[in-house]
Amino acid sequence: MDQFPESVTENFEYDDLAEACYIGDIVVFGTVFLSIFYSVIFAIGLVGNLLVVFALTNSKKPKSVTDIYLLNLALSDLLFVATLPFWTHYLINEKGLHNAMCKFTTAFFFIGFFGSIFFITVISIDRYLAIVLAANSMNNRTVQHGVTISLGVWAAAILVAAPQFMFTKQKENECLGDYPEVLQEIWPVLRNVETNFLGFLLPLLIMSYCYFRIIQTLFSCKNHKKAKAIKLILLVVIVFFLFWTPYNVMIFLETLKLYDFFPSCDMRKDLRLALSVTETVAFSHCCLNPLIYAFAGEKFRRYLYHLYGKCLAVLCGRSVHVDFSSSESQRSRHGSVLSSNFTYHTSDGDALLLL
């Protein structure tokens, strides 16, 4: 992946075999387009993921391993979206960022980026263990194991993100990678390959396998509620694929551009424009994570109802009771048969409900 975000002060791209290519119009469009969408993604992602954090930390029920992973997914998304205002400032301010802020913003961005992808992958593996290998995984799906695995995931995210930010510095009003001469040609390629493989292809393969096996297991279960669970599974995989594939294709094409596969100026301009558009689509995935992974669960709906009641009480100046217990309990009774087929072997009753 090119150093994020794209340079907004460089109006020309140069090539040893081609004339200077003017991309000033694309840069101006990218500045306006990305600034607006970064602000929108920041606002929505901040609210959604904070709700997940508040719901999990304020819940009086005992924590489960699923809760641990969902909490860390929300934290990684928050770390990711927290950098977007700084990138917006970088886009619209000619002076860019201070050197220290450039380093920290880039580091937090990529740690949150890879952390979010890794925790989504871990959640798919956890669901595979809870449903497909329920009897064998009972002793391994504890809160203590969840905390240990989460710490390992954060360590892996930092390790994988390091090549993306270790050479970053503020140089001539741009937050860019300043590589040693011996690494100037190979390092950008390695970064792109790492992002494509560890940030997309490998997680997608793991998710696809885990959810395929889960669907196979659900099909063997005689229950009319399995259709809803299967739809949620397909939604998780399809949304991940649709939101991240275009962006990763553009990263791959950017890698090819480093080897002069696109000498035409028009093609380079099209690539730059496409990268800006697909970038916003991919980054907005962090806004959907709370909806897909958290708010589908009963405890999160209960917390939202509780929060809604508190807001009404503040607005109305008196206590307001929101009655949702009957509808929730009825829904819980209807869905209990499917859950019991798998979770009686596990330590986490939410394993199937949070598909």
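Keep in mind that glycine also has a Cβ here, set from the backbone N, Cα and C atoms.
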Problem set entry | Among CYS102, CYS265, CYS286, cysteine joined to CYS175 by disulfide in Swiss-Prot | CYS102
For this session: Please indicate whether the topological domain of GLY24 in Swiss-Prot carries the same name as that of LYS257, placing both on the same side of the membrane.
Result: yes
Exercise. Which residue counts does DSSP yield for the topological domain 'Extracellular' (257-273) in the helix, strand and coil classes, in that order?
Worked result: 11 helix, 0 strand, 6 coil
Problem set entry | Where CYS102 (disulfide bond) falls in three-state DSSP terms | helix
Exercise. Does the transmembrane segment (104-125) come near the transmembrane segment (32-59), with 3+ Cβ pairs under 8 Å (pairs 6 or more apart)?
Worked result: no
Exercise. Do you know the DSSP helix, strand and coil residue counts for the topological domain 'Cytoplasmic' (60-69)?
Worked result: 5 helix, 0 strand, 5 coil
Problem set entry | Cβ-based isolation winner (fewest other Cβ atoms within 10 Å) among the disulfide-bonded residues CYS102, CYS175 | CYS102
